[in-house]
Amino acid sequence: MAQRTLYFASIFIAYMIGIWTFTLVPKILIMGGLTGLLLILTFSGIISGIVALEIYEIKNRPYRIHEFMTKFVKTPSISIILLSFLFIVTSITAHYTGMSIESMVNTPIPGVGILVIFLGMLLLVLTRSRSLDIIVVSSVLTVVLIITGMLFLRNQAESIVNTQLSRSFISNVFTAVKSFNINISLLEVEYAFIISVLIFGLGMGFYYIIGGPLATLKVDVRKVIIVTILIQVIISFVAVATLAYSVGIAHQAFRDAFMKGKAKEALEVYREYFNPLWEEYRRSEGFNPKVAIESLYNIPNMLRDLKMKGSLGIIVSLMGSIFLAGFTTVLVLLEIGGQLIMDIFQVNRRTGITIVALLSSLFAGFAYLNPLRVILLSTVISIMPLIGFIEFYPVMKLRSSLISYVLGSILLIFGIADIVAILQFKNYYYELGVIVGLMLLIPLAFNKLLIKPTTKS
């Protein structure tokens, strides 16, 4: 039983440890300290309740996700919404995963997200029925290499960072994480909620789909979730440490170049790469998701431009960790998307995964263009809690219990607040992203139309 728990926890980890863990979670932990951690743990507990109820509900019925939505809840439109949203999440995850490859090879790769998706598709199609085993192996390998990468960066920082000022950047990050910040605004609470939802990946049917295998093998869902959250917390702090050491090394590289008489070049690199990263992570009045995510990818550019000795190992360690975290998530997204396509359109697994890969690749191609990337990112961040509520609606309808209504209400209220928070950025592209996200809900209006063919058959 313990082996089964760890097996499925590894699948959960593959799904949950992704781009957001390395880019947005450190922001909350640095900005809010222990208060930020407490907020994330609180919201994780709430979302875990939602996840557990979804899994238990599907475990009690021998149906796949679309059959479940159609026969029990009479809402086949929900499957369409989850699938449509999955295409966008897969595309933006694949793009940021691909950006780590660009950073490692120091070469722009047009449509790099498409490359990541097709690599994932090829791996899943070739492994056939062993895909879950591949995901588990990838998950374990990712956790091991992420921790190894952080330890390598720590050793590099100890040998390279030799000035008090550069060391202070590292110590400031750790001090911020260990502090208790009582001056948390409502917006920061909302941001912590958004990031918690992003970590769990609500709104794509993953927990309904994984419920079937969990039921077959009689695995304790609560143990799987608890183990997953514990590993997620550990990896979150590893991500913070990775960021801290990378920032310290980057500042040392800037200082070394400055002291060697390359003041002009060093200041240009500082303004272009280092300062935006540091300012974004330390300021407490809010955050710009795109800047928070993409500024981390500037560290390799800075190290190269400053011609720092040993920079290749640091770059591969940092970007390799991000790539592995993102790629395992892409594998899971392609697999669950393939399952959804299989259920909705009655095709085989290979066809399902291929369709998901092709449609996600279309959006990943759009993500390579900066304005369209902002729109897609805004769609994911602004609408995930609301689609998570729609995903949870069948549980509320079937259970009709106080706890399900309370959890659903929390998701709905914070989901609406999420949209309001994103609109406060007062950015045209973020606003368009919200509109695109709301358009994904259109199938709800045609729910009766989608039911008719099923009832006739």
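Glycine residues also receive a Cβ, built from the backbone N, Cα and C atoms like all the rest.
As given in TrEMBL:
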{"type": "TRANSMEM", "residues": "7-30", "note": "transmembrane segment"}
{"type": "TRANSMEM", "residues": "36-56", "note": "transmembrane segment"}
{"type": "TRANSMEM", "residues": "77-97", "note": "transmembrane segment"}
{"type": "TRANSMEM", "residues": "109-127", "note": "transmembrane segment"}
{"type": "TRANSMEM", "residues": "134-153", "note": "transmembrane segment"}
{"type": "TRANSMEM", "residues": "191-212", "note": "transmembrane segment"}
{"type": "TRANSMEM", "residues": "224-245", "note": "transmembrane segment"}
{"type": "TRANSMEM", "residues": "312-338", "note": "transmembrane segment"}
{"type": "TRANSMEM", "residues": "350-369", "note": "transmembrane segment"}
{"type": "TRANSMEM", "residues": "375-395", "note": "transmembrane segment"}
{"type": "TRANSMEM", "residues": "402-423", "note": "transmembrane segment"}
{"type": "TRANSMEM", "residues": "429-451", "note": "transmembrane segment"}
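Contact between the transmembrane segment (350-369) and the transmembrane segment (402-423) is not supported, since fewer than 3 Cβ pairs fall under 8 Å when only residues 6 or more apart in sequence are counted.
In summary, the transmembrane segment (7-30) lies against the transmembrane segment (312-338): three or more C-beta pairs, each 6 or more positions apart in sequence, are under 8 Å. Contact count against the transmembrane segment (375-395) (Cβ pairs under 8 Å) is highest for 77-97, out of 36-56, 77-97, 109-127, 224-245, 312-338. When Cβ distances are compared across the two stretches, the transmembrane segment (134-153) makes contact with the transmembrane segment (312-338), since 3 or more pairs at least 6 residues apart fall below 8 angstroms. Contact between the transmembrane segment (402-423) and the transmembrane segment (312-338) is absent: fewer than three CB pairs lie under 8 Å, with pairs separated by 6 or more positions in sequence. When Cβ-Cβ distances below 8 Å are used as the criterion, the transmembrane segment (312-338) is approached by residues 11, 14-19, 21-22, 83, 86-87, 89-90, 93-94, 96-97, 100-101, 103-104, 116-117, 119-121, 123-124, 131-132, 134-135, 138-139, 141-142, 145-146, 149-150, 152-153, 156, 201, 204-206, 209, 242, 246, 249, 296-297, 299-300, 303-304, 349, 352-353, 355-357, 360 of the same chain, each at least six residues removed from its ends. For the transmembrane segment (36-56), the neighbouring stretch richest in Cβ pairs under 8 Å, chosen from 109-127, 224-245, 429-451, is 224-245.
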